[in-house]
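Working notes, beginning with the structure itself.
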Amino acid sequence: MALNFPNIDPVIVKFGPFDIFGQTFEPALRWYGFTYLVGFVAAMWLLNRQADRSNGLWSREQVSDLLFYGFLGVILGGRIGYVLFYHFDYFLASPMYLFKISEGGMSFHGGLIGVITAMIYITWKQKRTFFAVADMVAPVVPIGLGAGRIGNFINGELWGRVTDVPWAMVFPSGGPEPRHPSQLYQFALEGVALFLLLYWFSKRTKKVGAVSGMFLLGYGIFRVIVETVRQPDAQLGLYWGLMTMGQILSVPMILFGLYLILRPEGKQ
């Protein structure tokens, strides 16, 4: 007996419609965007708290800079990565597809590349080492990841494969078959479990880059696990009949994460 997907309107409130220069606009606040906003505010609070306890190594102004450019990196990198990794054929046929944000579509791995680019800039601007910045950011990233997965669940998207487990759900866009609620698995692993793991690990190591390595390792492993029950992207399917794109992109994260954790102390 499958569970029914909760009928949650993805739109919290609509504004308008407004007529501007002959065009009708009806902006709306959606749960998906709201969950990311909550995650961003929570991450800002935690980073400011870390800055206050850093004995002068970080100021709140520097944290604000980090958050601003990090946010840009997530949005731009996430969208560009989604288009290039998962819908490159659409992009080749119509490059303007990149700007159709209203249709949805964000990639974690693209967002990660965007954040890394932002951190490189912050490294230069604030005259820090790259991993000093990365180790500051890594422990709060799971908050945004978890918030985003709740948004995916409310939208009824990114559901899992067909299953007969007792907690399987029938999703409105997933056909009549009961499926794994893989968004909730990702919330539990990439959000809650990874946050707790990084919090615990950050208290037990002072090695530069180790916390960043644990983030890469933990996320990569959790993503590979969940991808085994998450429905592969229809336009991509399985590579070699075995791996999803998400798993392929996670393998380098696992390997580099292991390197950062195990490399000799003091090696930059």
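Sequential numbering from 1, following the chain as shown.
Glycine is no exception: its Cβ is also placed from the backbone N, Cα and C atoms.
Annotation comment: Swiss-Prot describes 27-47, 66-86, 104-124, 130-150, 181-201, 208-228, 242-262 as transmembrane segment.
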- Message: Ranking 66-86, 130-150, 181-201, 208-228, 242-262 by the number of C-beta pairs under 8 Å to the transmembrane segment (104-124), which range is first?
- Response: 66-86
- Note on the structure: Sequence-distant residues near the transmembrane segment (181-201) by C-beta distance (under 8 Å, 6 or more away from its ends) are 138-139, 142-143, 145-147, 149-150, 152-153, 157-161, 167-169, 210-211, 214-215, 218-219, 222-223, 225-226, 229-231
- Do the transmembrane segment (66-86) and the transmembrane segment (208-228) come close, with at least three CB pairs under 8 A (pairs 6 or more apart in sequence)? no
- Lying 6 or more residues past either end of the transmembrane segment (27-47) yet within Cβ distance under 8 Å of it, the residues of that chain are 8, 10-16, 18, 63, 66-67, 71, 104, 136-137, 139-141, 143-148, 150-152, 154-155
- Item | Non-local residues, at least 6 beyond the ends, that sit with Cβ under 8 Å of the transmembrane segment (242-262) | 85-86, 109, 112, 131, 209-210, 212-221, 223-224, 227, 230, 232-233, 236
